[in-house]
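Please read the structure below before turning to the comments.
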Amino acid sequence: MSKRDFYEVLGVAKNASDDDIKKAYRKLAMKYHPDRNQGDAAREAEEKFKEAKEAYEMLSDSNKRAAYDQYGHAGVDPNRGMGGGAEGFGGFAEAFGDIFGDMFNQGGGRRGGAGGGRQVYRGNDLSYAMEITLEEAAHGKDAQIRIPSWDGCDTCHGSGAKPGTSAKTCTTCNGMGSVQMRQGFFSVQQTCPHCRGTGKIIPEPCTSCGGQGKVKRQKTLEVKIPAGIDDGMRIRSSGNGEPGTNGGPAGDLYIEIRIKDHDIFERDGDDLHCNVPVSFITAALGGEIEVPTLSGKAAIDIPEGTQAGKQFRLRGKGIKGVRSSYPGDLYCHIVVETPVKLTEYQRKLLRELEESLKKGGAKHSPSGESWTDRLKSFFS
């Protein structure tokens, strides 16, 4: 008989998350528990449970899942996980140990199951906040960071025991690192409270490392900051988190990017914005001005009568984001500056200009006419 699709067995989509897969399996495991299926239904429940267990074992392992997604049942060992017909209801104890172990302080980092020896744990992930400039974010850079790292203790050579002594096998778990607790039909596997999952007890701990077998030191890492990275993005450095337990893999280091405020530019996605001061003479008469960009200077033609707040767009002068195929734009916002500390002669010239403008009426001011109309309406 051909096997059913593993995703169909668990009732989840092919893009289901690990949590969704675990929840679906837990639901089926509870449904087909022997305490809930007696008599004629027991055999069918056993088969359903085995089927769900096999699907869960394949889809909860990232490597097996990838092989299954690519090649189907041919990509995985057809005998793995089912244990043949001789397993019977023994599979319930193991599976429920795995499921309920997660509920009783066994965490998502645990690897291995009942009867598999000492518990193996993946190390915790670490985070590191890194501050860079806008220019560095735009162009990318190679950087070095120093992070705390656990290295083997030179005094005890990683054993955790005082020189001249050795660790002893834990008598509570017999070196397994875990203990089984039975609750009715349930067999719950928990970390040994005496040795904390190591399977060993150290009567005389090393004084240099406190019995941990490792000491914390500073480690220098090379980090490549990709061009276009944005504030809040994270870079993963695999295997540079905390070390695992009992030979488990190390966690990862996540470097979170923080971009410093810039004196000139403000970033909005791939676009940049900046305020450009312009004299009121240039705004009135027009002219060419220089504006800064991240790649140098650029020229803008200011037309006659440019008003404060006018926006000029320089295409392609923004930032090319890490997921973008082309750079954003630079938006220059005009700020018309009013002169200060005028001489008496300059004041006289401005007054003459003012009188001349008054004689011309509202035609010299784009908003003057509408403003006059609004005033009349307000006071009428």
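Numbers here mean position along the shown chain, with the first residue as 1.
Heads up, the Cβ atoms here are built off N, Cα and C, so glycines get one too.
The feature domain 'J' is assigned by Swiss-Prot to 5-72, with sequence analysis given as support. When the domain 'J' (5-72) is classified with DSSP, helix, strand and coil residues number 52 helix, 0 strand, 16 coil.
Positions annotated as zinc finger by Swiss-Prot, on the basis of sequence analysis: 140-218. On the 0 to 100 pLDDT scale, the zinc finger (140-218) averages 83 in the predicted structure.
Here Swiss-Prot flags 153-160 (among others) as repeat 'CXXCXGXG motif'.
For C156 (Zn(2+) 1 binding site), the same-chain residues that are 6 or more apart in sequence and have a Cβ closer than 8 Å to its Cβ are K162, P163, C206, S208, C209, G213. Mapped onto three states, the DSSP output places C156 (Zn(2+) 1 binding site) in coil. Marked as Zn(2+) 1 binding site by Swiss-Prot on the basis of sequence analysis: C153, C156, C206, C209.
With a 10 A radius on its CB, C170 (Zn(2+) 2 binding site) counts 21 other CB atoms from all the protein chains. Sequence annotations record features per position, and here Swiss-Prot assigns Zn(2+) 2 binding site to C170, C173, C192, C195 based on sequence analysis.
Look at Swiss-Prot and you will find 170-177 (among others) tagged as repeat 'CXXCXGXG motif'.
Annotated repeat 'CXXCXGXG motif' per Swiss-Prot: 192-199 (among others), in sequence order.
The feature repeat 'CXXCXGXG motif' is assigned by Swiss-Prot to 206-213 (among others).
According to Swiss-Prot, the feature region 'Disordered' maps to 359-380.
Feature annotation from Swiss-Prot assigns compositional bias 'Basic and acidic residues' to 371-380.
Non-local neighbours of the repeat 'CXXCXGXG motif' (206-213) in the same chain are 152-156, 158-163; each lies 6+ residues outside the stretch with a CB under 8 Å from one of its CB atoms. Report note: the Zn(2+) 2 site is defined by C170, C173, C192, C195, and the residues of the same chain whose CB lies within 8 Å of the CB centroid of those residues, excluding them, are T171, T172, N174, G175, M176, G177, S178, V179, P193, H194, R196, G197, T198, G199, K200, I201. Taking the Cα atom of each, C195 (Zn(2+) 2 binding site) and C153 (Zn(2+) 1 binding site) are about 20 angstrom apart. Using the Cβ center of C153, C156, C206, C209 for Zn(2+) 1, the list of other same-chain residues with Cβ within 8 Å runs, in sequence order, D154, T155, H157, G158, S159, G160, A161, P205, T207, S208, G210, G211, Q212, G213, K214, V215.
The Cβ of C192 (Zn(2+) 2 binding site) has C170, T172, C173, M176, G177, S178, V179, G199 as same-chain neighbours under 8 Å, each 6 or more residues away in sequence.
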